[in-house]
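Taken verbatim from TrEMBL:
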type	residues	note
TRANSMEM	12-29	transmembrane segment
TRANSMEM	69-90	transmembrane segment
TRANSMEM	97-124	transmembrane segment
TRANSMEM	136-156	transmembrane segment
TRANSMEM	177-196	transmembrane segment
TRANSMEM	241-266	transmembrane segment
TRANSMEM	286-309	transmembrane segment
TRANSMEM	321-340	transmembrane segment
TRANSMEM	395-412	transmembrane segment
TRANSMEM	418-435	transmembrane segment
TRANSMEM	456-478	transmembrane segment
TRANSMEM	498-516	transmembrane segment
Amino acid sequence: MKKEWKRRELTILVLYLLAFYTFIILRSLQLSHDHQAKLYGLRPGWLLPPRLNDVSDAQWRNFRGNLPILTVVFGIFAALANFLRAFLCLKAKGMSIVWLFISLVYLSYLHGACTVFILAIASVNFLLVKIFARTPYFSFVLWIFNIFFLLCNRVYEGYSFSTFGQRWAYLDNFRGTFRWHICFNFVVLRMISFGYDYHWANLDTHFDQKRHLQRCDTCKSGKTCYQFLQERSGSNDNLSFIIYISYLVYAPLYIAGPIISFNAYVSQLDMPQNNYAARDVSLYGLRWIFSFLLLELLTHVFHYNAFAISGLWKLLSPVDIFIIGYGVLNFMWLKFYLIWRYFRFWSLICGIEAPENMSKCINNCYNLENFWKNWHASFNKWLVRYMYIPLGGTNRKLLNIWVIFTFVAVWHDLEWKLLSWAWLTCLFFIPEMVVKSAAKRLQAESTFGEFLFREFSALAGAVTITCLMVANLVGYVIGPSGINWLISQFLTREGLPILGGMFLTFYAGTKLMFHIDDAKKKQH
């Protein structure tokens, strides 16, 4: 009876969502066609001529435009590094020198003379870590120093050489092709990672490797899990200045990550990653090419981001506002998926495995915690290790999320809309926790108890997805000033049925995700 009920429910859900996506696709095509002449950022396309391609997103446009030269450069870097490793039998110290040389050549092209700012700040951070690592003031000094420069870099837009005297002013003509203070956000995370890993190594924090190897399925299979790489402290030789700098500016992950901890980086300098064989890396690259072609197809036929950039969606009906907002979030997901996996692909070829970002599709996440674990997953691991646990972990969860998300917003940029996104996300954590708590109380072994539990969980998922959409649209598209406008559009006679339909769709989507999770559990 239970299996039959679930089978019928699954059939109804699939039919409903097929109808939903059919409507979304047809309406998106119509919107893109009707408003094409008024949209900004459309260029002649190559995939489906004569259709125009939506390259209105500056980040995607720059990455896409530089793909050919990036691929040539990283191909040369990977071939050189792997040849020297094999020919000279290099370990951590030798490979750090190789990567330091390669990465400084790369940085010289990207930032020109401004590379000296990166090296100067990094050197001071190294000295502070060495001096204060064994003192009770270590955390305070490390965070104050790094947040200070994180803010100053933005306020002064990477500084000017003329500030240090007119005899240095000529260096402002050699600032490279990419703003160094934008990339430095990732360097800050790496400096903090080195600081804490060095600090904990000096405290002799005990990691039971034998016990871990007995319990970890990944390590028992002959591979190496990320936790093992991250928790295992290196020798004092691996804590040298050269290895530290090579970690900060490691070329394949320098621009956008994914973020890898210092311990994990050093471990793989000594012994290259063994989780991906050459065939696996090749398949990873082929999947990336397929995903790239998919996004090219989507930006040729749907112009979601151009609607957001042009501001035209404010003139649309509530149902069309929902379609554009939903489309923008899916575009953002696939854009970041491609950027992060491209750089991770080159890092894998070079023997360094970083955590995978975007391990789940955006349409397969129904709670905030799960969403953040799978969106910028490597950043989430960093936040858990270097912020969440030192701040008290689950004992102070509701307080910790405010500190962490505020830092995440400031780390991205100094903008009110990002702080609004951070604080809205924290607020939305509260109803999710309340509904989750209520759902767990209703959980029982009986069929009716399980039914109630799933229904409450599905309602919680629908609330969460709605909150996530609002928070991300405020943070990345309409800004805090657009909140009142967004609410006013849906609290009208025309908007309320659309709001109800959205909630029903998110509810149905959450129920379908439950079925997907059940199928995965059966497989395992």
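Backbone N, Cα and C define each Cβ position, glycine as well.
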Maximum Cβ pairs under 8 Å to the transmembrane segment (97-124) - stretch from the list 12-29, 69-90, 136-156, 177-196, 321-340:
177-196
Remote residues contacting the transmembrane segment (241-266) - C-beta distance under 8 A, at least 6 residues beyond either end:
74, 77-78, 92-93, 96-97, 99-100, 102-104, 106-107, 110, 118-119, 122-123, 126, 178, 183, 186-187, 189-191, 193-194, 197-198, 226, 229-234, 339-340, 343-344, 346-347, 350, 352, 354-357, 377-379, 381-382, 385
At a C-beta cut-off of under 8 Å, are there same-chain residues at least 6 beyond the transmembrane segment (12-29) that contact it? List them, or none.
301-302, 304, 319-320, 323, 326-327, 505, 508-509, 511-512, 515
Which of 69-90, 286-309, 321-340, 395-412, 498-516 shares the most C-beta pairs under 8 angstroms with the transmembrane segment (136-156)?
395-412
When you scan the chain for residues with a C-beta under 8 Å from the transmembrane segment (498-516), skipping those not six or more beyond its ends, what do you find?
6, 9-10, 13-14, 16-17, 20, 318-319, 322, 363-366, 454, 457-459, 461-462, 465-466, 490-491
At a C-beta cut-off of under 8 Å, are there same-chain residues at least 6 beyond the transmembrane segment (321-340) that contact it? List them, or none.
24, 27-28, 31, 57, 59-60, 63, 256-258, 288, 291-292, 294-295, 298-299, 302, 304-305, 307-308, 313, 357-358, 361-363, 375-376, 469, 472-473, 476-477, 486, 489, 498, 502
